[in-house]
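What follows is a short report on a single structure.
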Amino acid sequence: MAVRKRAPQTVAQKVRSAEKKAERAFTVMWDELRMDNHYILSGYRPEFLSFKKCFISLGYLHNETACLGMSATYHTISCHSHAIAKLGNKLDYLGIVILIMGSFIPSVYYGFYCDPTLMRVYWSMITLLGLGCATVSTVPSFRTSAWRPFRAAMFVAMGGSSVVPVLHGLRLYGWADLEVRMGLSWMLAEGALYVTGAGLYAARVPEKWAPGRFDIWGSSHQIFHFLVVAAAACHLVGLVKSANYLEGKMVEGLCVGM
């Protein structure tokens, strides 16, 4: 009995075969879905082209399982399609803008409670920077590779702007007073966590030391998100202490003589 030889697959047939395989799979390998971190080898979700399947993926492990708010939305729906992933990426960056502005505004309120003019100046500063970052994150003409250095500079300026009111507050009130007004030590801890997380994320540590070992748990992206949550917790503790201090001083006339 003669054995029929299978004709070799064309490139188009191989592509269709890979697409069908991806449709049936919960996760695929890095070389099956070219992602941006080549140290994470597996656990990628294919493009489902279905929001239902995207949300079903919340129920099983993949390499975005452990990654808050808009960022969580992005990591959930990014497997729908390239177009939806781009939309989710915009939401992710808007979430960063909201987080930074939301952290900045109450800290300035408590730190400069006795100087409403300075308070409004710094609120205006962070609002303008926030609008700028939101613009470069969402307007298509700014999302090209040519504008990447400018986008990065905008976010660095927005994040670094928190140093300005802190230094100004230290000059006006001194460390001890600013500690109780603004929860300064908690703000410094928050900043250290942010910088550590961003540094690990940029360096892609630890997955670059052992590609494939941290595909599901322990990647730099996940560590970054955990440190962001820890930083937000530090900020909350500082704000609670500031609020309690301000409430306790209301009766005594906190701003008298200033």
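Cβ atoms are placed via backbone N, Cα and C, with glycine included.
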Among His38, His62, His75, the candidate listed by TrEMBL alongside His221, His225 for Zn(2+) is His75
Worksheet item: For the transmembrane segment (223-240) against the transmembrane segment (91-109), do we get 3 or more Cβ-Cβ pairs below 8 Å once near-sequence pairs (under 6 apart) are dropped?
Response: yes
Same-chain residues at least 6 beyond the ends of the transmembrane segment (184-203) with a Cβ under 8 Å from one of its Cβ atoms are 103, 107, 159, 162, 166, 175, 178, 220-221, 223-228, 230-232, 234-235, 237-238, 241
For the binding-site residues His75, His221, His225, the largest set of other C-beta atoms within 10 Å encircles the C-beta of His75
Tertiary contacts of the transmembrane segment (121-140), defined by C-beta under 8 angstroms and 6+ residue spacing from its ends, are 90, 93-94, 96-97, 100-101, 104-105, 108, 112, 147, 150-151, 154-155, 157-158, 161, 164-165
